[in-house]
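Enquirer: This structure is in structure tokens; I'll ask about it shortly.
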Amino acid sequence: MRPETPRALAVWVLLEVERGGRAQHLLDRALDRLSWPERDKAYATHLVYGALRRLRLLDFLLEPLLRRPEGLPPEVRWALRLGALEWLLGKPDHARVSPWVEEAKRHHPRLAGLVNAVLRRLAPREAPECVRLSLPDWLCEAWRAFFGQVAFAEGFNEPAPLFLTAYRPVAGLRPGPLPESYLWEGPKADFSALGFQPQNPASLLAAQLLEPEPGERVLDLCGGAGLKAFYLAARGAEVVSYDLNPKRQEAGRRTARKLGLRVDYRTQDLRKPIPERAKKVLLDAPCTGAGTFRAHPELRYRLVPEDPGRMAALQLALLETAAQATEEGGVLVYAVCTLTEEEGEGVARAFLERHPEFRPEPFPCPLPVLKEALGVYVAPEGGLDGFYYLRLRRVDSRA
Ligand SMILES: C[S@@+](CC[C@H](N)C(=O)[O-])C[C@H]1O[C@@H](n2cnc3c(N)ncnc32)[C@H](O)[C@@H]1O
């Protein structure tokens, strides 16, 4: 693939996403290989994320102007959606229409007239809220019922700032919303070599809630490549990180070496018990990811209504292992990067019913709260991912 313009690259990425690819992965890989000016790379990124974040709304705006949109060749359909995105964002016709007509013409010359006519006739249209937010109806309605509003989802449609966690003292970077979290405003760099780890503050908070002490043993369950393990190790904890996926752990080992941090990795399916216990246990469970729609905008169209319940069953099985691994008096933090009721409060209620030896332990949340009950849902605003955290204390049976 050799795209010659940011528009051509955007259309190629979007076609691949339609075939099941992940936008972030496709775009990062393509841009790393191109020696384009930063401005062109930023434009291609803006087009891809913009179209996916507003997809339902764009189709709604185009609907009155097209007889059978699903019958159009996919390249032409994306050119129309991207032209509609730029209309929505206020780009004037003279700068917007002909580039998209040219893009469509490269693939299907006989449809250039149609693209030209449609892009010139776009007109404002009042969209229902779930369409305006480009959310699937089932999720939009479930969120409205559970949170009492769904306006928070507008946060997913804003550009994503790059947050870093710093493992050494830093000067000159804009502080993020948590200690050790910063905003990176320059071009991409070799962050590990600088002692930084790209990490959303909402993900960092899960590790900070454990309040690790130097020398303390911490179990990092579902640790993946170890983002949270790095923070814990940098605070002086002795971290053992468990995960099912040895490839992720190998990547983690390499980053830990670059960062000069020590993490022990063990590969295991955590639906089965582990042979050790600790006073501090973190379970960063696999989930539907419905708090990460800003960085993974296509995910919202791939989830189905059964997914949250299916993930909750797995999360409860993993929590059993985490509970057994928590010593009396110890702390167990359960975190998921999603905002569904099933995977947050639903899991908390089901777990606490079965485990009277655990109590939810409230904590002052330093990030904007969307809802607080047994645990806390953090709102996806200001570039934060949406997350759910539950902090549990294993109560001493003699207390
Ligand atoms: C949310 S990700 C973890 C991210 C990681 N803690 C971090 O901060 O970088 C969930 C992880 O759960 C792991 N996982 C999924 N099912 C598992 C299972 N049955 N046993 C162990 N790990 C599992 C996945 O491989 C994935 O790395």
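From the backbone N, Cα and C atoms, a Cβ is placed for every residue, glycine too.
Sharing the record's features from TrEMBL:
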DOMAIN    119-395  domain 'SAM-dependent MTase RsmB/NOP-type'
BINDING   Asp243, Asp284  S-adenosyl-L-methionine binding site
ACT_SITE  Cys337  active site, nucleophile
Enquirer: Please report the Cα separation of Asp243 (S-adenosyl-L-methionine binding site) and the residue listed as 'active site, nucleophile' in Å, rounded to an integer.
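Expert: That separation, Cα to Cα, works out to 17 Å.
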Enquirer: Same-chain residues six or more away whose CB lies under 8 A from the CB of the residue listed as 'active site, nucleophile'?
Expert: Ala202, Ser203, Cys287, Gly289, Gly291, Thr292, Asp385, Gly386, Phe387
Enquirer: Count the Cβ atoms, other than its own, that fall within 10 Å of the Cβ of Asp284 (S-adenosyl-L-methionine binding site), considering every protein chain shown.
Expert: 25
